[in-house]
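For reference, the structure discussed in these notes is given below.
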Amino acid sequence: MAEVALTGISKSFGDEVVLDDVTMTIPDGAFVVLLGPTGAGKTTTLRMVSGLDKPDTGTITIGGRDVASYTPAQRDVAMVFQQYSLYPHLTVRQNLEFPLKSPILQTPQAEINQKVSAVAEVLQISHKLDNKATALSGGEMQRVSIGRALVRQPSVYLMDEPLSSLDAKLRSDLRIELKSIQADSGATMLYVTHDQTEAMTMATHVGVLDNGKLVQFGSPREIYEDPISIYAASRLGQPRINVLPSDVFGGAPNKATHIGLRPEQIKQGEGEDSFVQRVEHLGDQTRLHLSFKSHDLITVTDAHTDLKEGDIIQIRPDKPFFFDASGARIS
Amino acid sequence: MSFSVTEPSKGTKWLAGALVIGYACITLVPLLWIIATGFKSPTDSIAYPPVVVFEPTLEGYVNLFTERTRATPDMLEAAGEPQTWYDEIVRERGTVISGPSRYGERFLNSVIIGFGSTFLCMVLGTMAAYAFSRFKVPLKDDLLFFILSTRMMPPIAVAIPIFLMFRNLGLNDTHLGMILLYTAVNLSLSVWLLKGFIDEIPIEYEEAALIDGYTRFQAFYKVVLPQAATGIASTAIFCLIFAWNEYAFAVLLTSGTAQTAPPFIPTIIGTSGKDWPAVAAGATIFLVPVMVFTILLRKHLLRGITFGAVRK
């Protein structure tokens, strides 16, 4: 329930620049997913907003107020830590009650009980409430850690890979739950993940971080369909975008050194020959590993295809992306 | 040739058990001897060869807690029949009880000074260790080394300056003076030990508490302290044992009001220098508090292994 704005945020630890002049505005109620490999600055961005770390330069506002002098408690943010950080001397129930009992909230016990059991229900941990926090599996710890954030109604949720340790079924259940909780409460969400299904399905905005720089910020569709660089294009899409030298197909504009082809940008059945190296039947789709003029590429084809290893299939690019030598997109 | 971990055989276990019990018995002999001596008569206590089987008496304990005067037969006659069992014991030696001894007071002084300095040491030590562990303290390494350096010579080496300082400050023979002194001596040990324990507690827990709406001090109190309980308990035992057993400073700086038990116990032996049972009784009772304290805190020493709730 607050707009979060980062303006010119930079942070270094020693000689290592972790965030470099990051500016982004997260609209009130938005669900922002930060993408980028390890070390890109995703977690540091969350810690800046939470107040656990202070930026070297730049300002952060939450709901229009500059929070530079605010403690984490005063910022009214809830955070799910990547390492769970459950209080080991407390039970699951006490862990979930902990934020509600803080001197800031001082929730009455009846309300605490009701909120804790509601959250435990959603996260499917009701039967573990009286366990010690240390006597849980990794997935259970992670759910308690999410629960500790969800029992509150903060203005901003910060979540650092909150679903990473869960099995596939639970992950897809909780993806929907988290999205609807966030949508219902209207809280602003800043979410770090490696999982692009999460990014594509939950995000209203995606921020792509590269070595501490925010290289692109927009809706998931925008990032997917209109990436500004090879780097941004590789963040989304399964299988990943194929990047080949631009001259293998011809028709490339001047200055283009690479061509980028998502599976749907590869037209099958016309064009030049390629060899099928491997066929992966995934059920709803089939992946083809092709060899084209000694370059490997991966595309998707009909689920019931008869193609098999050693076959020849014609392919040609269809509205591909072109990139220059620095990796930037040429439109 | 290959090795594998197997359950030890019954014979091995039995042998190991026997060895441990045997070793325990040997180390316990002096302790048992002191306890036994407390129940011997003065004659038995200095008998040679030493007696192992003897007729137990509470004379040592009665002598420990009482002051007695030698009485002539006339006086004994005049005093009438002994009123209590302890009157009876002292009458047999031709003496009467003239009042309580000062062992009780001295013992109480030891309790006040020992536990007082341990408590103060834990409060200051935990907070200092937390600060050294978590904050950017200017000259941190130098300060830590300075704190450690106070332990590099035997404390008694500074006895004379301390004696003069105490005299000027009016701290000679006061509880406060002894508490401060033992705290100062123990503080370096407790800061270093506790810093090690607190370093082991991941900072993520406090960060979670800060986000959950707590202040830094509340996070320390509610999250760090419970997890440092193991370290605090074992450090407290070390501090108490030092303060409890300390003899040299106690002899030098206390004489009456604040005298602790260690300098007092040798004086019990009496003018005749034969009252070993009373000395042994004093030593036996003196052992109890530290033993109880250690046993009470033992569960904390074994508990509180907190690995696992933070993903490494």
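Yeah, the Cβs are placed from backbone N, Cα and C, and that goes for glycine too.
What TrEMBL records for B:107-297 is domain 'ABC transmembrane type-1'.
Sequence annotations record features per position, and here TrEMBL assigns transmembrane segment to B:12-35 (among others). Non-local neighbours of the transmembrane segment (B:12-35) in the same chain are 280, 283-284, 287; each lies 6+ residues outside the stretch with a CB under 8 Å from one of its CB atoms.
Under the heading transmembrane segment, TrEMBL lists B:107-131 (among others).
The feature transmembrane segment is assigned by TrEMBL to B:143-166 (among others).
Annotation comment: TrEMBL describes B:178-198 (among others) as transmembrane segment.
The transmembrane segment annotation in TrEMBL covers B:219-244 (among others). Same-chain residues lying 6+ beyond the ends of the transmembrane segment (B:219-244) with a Cβ under 8 Å from its Cβ atoms: 110, 113-115, 117-118, 121-122, 125-126, 130, 182, 185-186, 189-190, 193-194, 196-198, 201, 205-206, 208-210, 289-290, 293-294, 297, 300-301, 303-306.
Distant neighbours of the transmembrane segment (B:276-297): 31, 34-42, 45-46, 57, 59-61, 63-64, 103, 107, 110-111, 114, 233-234, 236-237, 240-241, 244, 261-262, 264-266, 268-270; these residues of the same chain sit at least 6 beyond its ends, with a Cβ under 8 Å from one of its Cβ atoms. Taken from TrEMBL, the feature transmembrane segment applies to B:276-297 (among others).
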Residue list, the transmembrane segment (B:143-166) vs rest of chain: Cβ under 8 Å, 6 or more residues beyond ends.
-> 132, 137, 172, 177, 181, 184-185, 187-189, 191-192, 195, 248-249, 252-253
Chain residues in Cβ proximity to the transmembrane segment (B:107-131) (below 8 Å; excluding those fewer than six residues from its ends, i.e. six or more beyond) = 137, 175, 178-183, 186-187, 190-195, 197-198, 220, 224-225, 228, 232, 235-236, 239-240, 243-244, 254, 257-262, 285-286, 289
